């Protein structure tokens, strides 16, 4: 443990303030503070700093050159420093490591970041108590927000500088679906996997979605992976999500209450509310969305294009803080401590054991079994454009957007911070064709090069 | 008289005790089979129980299921925990109940004062002019019954600021009772008094302030009292939607945690504060009422 981080050092001011009422006992109070201190110590170990830097750099370079071969060719052709300069000329995201040492002047230091209290927001939230924001010279206030529509409105109002998004939201907002069109950008994906389909206990014997005709389901927002994955899943079973089942938009805590009251039969919701239903003994986890599409994106961290343009250095600092946090959250050994840090009132406000089960992947499934799925929730921050294209195909498929959709253009605008093609053209390099990774969703391969064909390949769809 | 008060107080107390007793009985853990002893469980069963927040190895009988409705004792514990540090402030997402109430009351005061500043003069004008009254009546009738929740999205969209939107919603919902009552009170001032004023050639300003206002004051204050009640109703709904701070946000946040004891505690607090506000206006009303 590095000096100055000993949690038992009486003189050390601890960051997670609580005097307290937040924890059940003095013992828990000490434990939570110790968790913060341990995580901070880990974040300052040389080993982790090196790894986090590599992680950030890899993310940026990978974002530019999703194909390994092209990336290698590019780096070999121009050399490291030129490559960094080239990337940096497009957006000051690049040479992030260098910037970490000689920090450019921040345009704006006091920032407000919105979040919805769910485990998807883990990196964004934990960066606050662990001091990752302040380490970048930022004074960030993370503000708990009452719903996704409000997140959208507060981003449009510029009350928030950056925010926790559902990954389809920046696409929808940029398109003007469900709001005025305002260009939004996804900086990183906040988390991958991490959702589940929860059913009421009375449906324990109806594990086949073909038996779900007439069921009522809840999802947290229309433009959400939850909605698209649920629709995809039931449609694969031959049910029309618009006709054979009912899908309602319901805030997550009300999902649990409605499940108890019997108003809904199940939901595809964010954690911890799937685990919470098990904890309350009213529902069981039918399947993890990881089993539909392993590595699917869920929430994202993003902001408006305008904010990035006006505050490039601030944005880069913010990006580094969130990415450091993501690097930390990815490591399994940190997960239990992270659960302690983000469970209190000011953040998720949930029982710690519920959060720990979600993050560690060792959980009670509601059917009497303890399951061990370490990748139940992961924090891979890569905003692959093919993810954006997939989201757009589903928006098209279910009629959320009509007419021609310029999939690639939108995906590149919203899901990528750097205009890779321009850079490459400037360097006389041929932009790669088919540089988007393919995904397999419920056994079906999605080819982002042929989005239109993908949409029309589904028997059940609303696309005009 | 004294004995009537005493008897009423005793009856109230008895009702409270009865209520608590019914509550206690209704929330008793439902019989069911007692949890099997740890000794008879497999390691996995024990772990499973622990993951559900029940520790079978702890020895003592498990507490009542936390999923059910809270017992009076759980309720009291929640209330005590809240009241122990009503003014703690751990950043924007964790403030004591006292601070939350202060935020809500501040918003209510602002929205309400704006409403009064608009409604009382406008009501005066409407009450004195039958033409204005008829012209504005359809608008008032249509706008009056709109719920605060319906105003909220529109306010957020147009005002583009959530806290001002909250204040606007209080304004727009509490303006109508004041307006209608003021107009009604002003229009209902006795003809004779106005005629006397006219005979004495009192100037319009003086007539308004010294004849009409005192005569209409009880009715105006009734409107203000109704409006205050509405403003207090509205703030909880508005803050649940907009979040941030305030007692409504507190309810939402505890609901997010599915913490029923804290939600019930907040409901009681809202009730008590609402009652205090109403009492305040009852006092005011009494002060301006005169016997004919």
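The backbone N, Cα and C atoms fix where each Cβ goes, and this holds for glycine too.
What TrEMBL records for B:101-281 is domain 'ABC transmembrane type-1'.
Beyond the transmembrane segment (B:109-133), the same-chain residues lying 6 or more positions past its ends with a Cβ under 8 Å from any Cβ of the stretch are 166-172, 174-176, 178-187, 208, 212, 216, 220, 223-224, 227-228, 231. Residues annotated as transmembrane segment in TrEMBL: B:109-133 (among others).
Marked as transmembrane segment by TrEMBL: B:142-159 (among others).
Marked as transmembrane segment by TrEMBL: B:165-189 (among others).
Taken from TrEMBL, the feature transmembrane segment covers B:230-252 (among others). If one looks beyond the transmembrane segment (B:230-252) by at least 6 residues along the same chain, the residues whose Cβ comes under 8 Å of a Cβ in the stretch are 92, 95, 97, 99-101, 103-104, 107-108, 111-112, 115, 148-149, 152, 156, 162-163, 165-166, 169-170, 173-174, 177, 262-263, 266-267, 269-270, 273-274, 277.
Only residues 6 or more beyond the boundaries of the transmembrane segment (B:258-277), in the same chain, are considered here, and those with a CB under 8 A from a CB of the stretch are 69-70, 74-75, 77-79, 82, 97, 101, 105, 228-229, 232-233, 236, 247, 250-251. What TrEMBL lists as transmembrane segment is B:258-277 (among others).
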